[in-house]
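Asks: Annotation comment: Swiss-Prot describes Ser112 as active site, nucleophile. Look at Swiss-Prot and you will find His137 tagged as active site, backed by sequence analysis.
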Amino acid sequence: MLYDFERTAPEPQGLGLVPMVVEQSGRGERAYDIYSRLLKERVIFLVGPVNDATANLIVAQMLFLESENPDKDIYLYINSPGGSVSAGLAIYDTMQFIKPDVSTLCIGQAASMGAFLLTAGAKGKRYCLPNSRVMIHQPLGGFQGQASDIEIHAKEILYLKARLNGMLAKHTGQSLEVIDRDTDRDNFMSAEDSVKYGLVDKVLTSRNEAGN
């Protein structure tokens, strides 16, 4: 049973027409789709809902980049409304597991599990663009079945809530009591408010400010 942060997170519809980049070399031309070309620069995109498919792709890309160079940072760009808790935790655990620092950057929005992954980046390397929006809240879910089964799943979602709030407290520096209160309902923040709260470290207005 998957518990979703996002009430109406749809299945990904794809990114539409993907531009191609042609590189010239001594051995001729080589064409890449734009995302594969950016992967060479250690840039990964989390765009749209967080689900098993997107999680598997992101985990695979992080593991590949670690094998390529375990001492060089990875850059995770996030524009997501949130989604599956289990899929998001697969990404989270991999971010903490691999050797390279994962720098996170919110472009557009990072809501619910998107916000959780944003704040899970390496300390000092978590960023927002000026007009980004960040939203945190408690996990959501529903289950139908026998009363005993509903009780089991209710206990599980309460366990996940406590677990996720504890991790948010760790990454933001807020107390568990503050996190419990502030995630009780949808809690939207501007980029500047996200810095004050500890979800990110800095608002970037130009690439030079990242220090990368």
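Note: Cβ is positioned from N, Cα and C throughout, glycine not excepted.
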Asks: Return the count of C-beta atoms lying within 10 angstroms of the C-beta of the residue listed as 'active site', excluding that atom itself.
Replies: 19
Asks: Measuring Cα to Cα, how far is the residue listed as 'active site' from the residue listed as 'active site, nucleophile' in Å?
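Replies: Counting only the Cα atoms, the answer is 6 Å.
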Asks: Around the C-beta of Ser112 (active site, nucleophile), how many further C-beta atoms are within 10 angstroms, looking at every protein chain?
Replies: 30
Asks: Could you find out if DSSP has His137 (active site) as helix, strand or coil?
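Replies: In three-state terms, His137 (active site) counts as coil.
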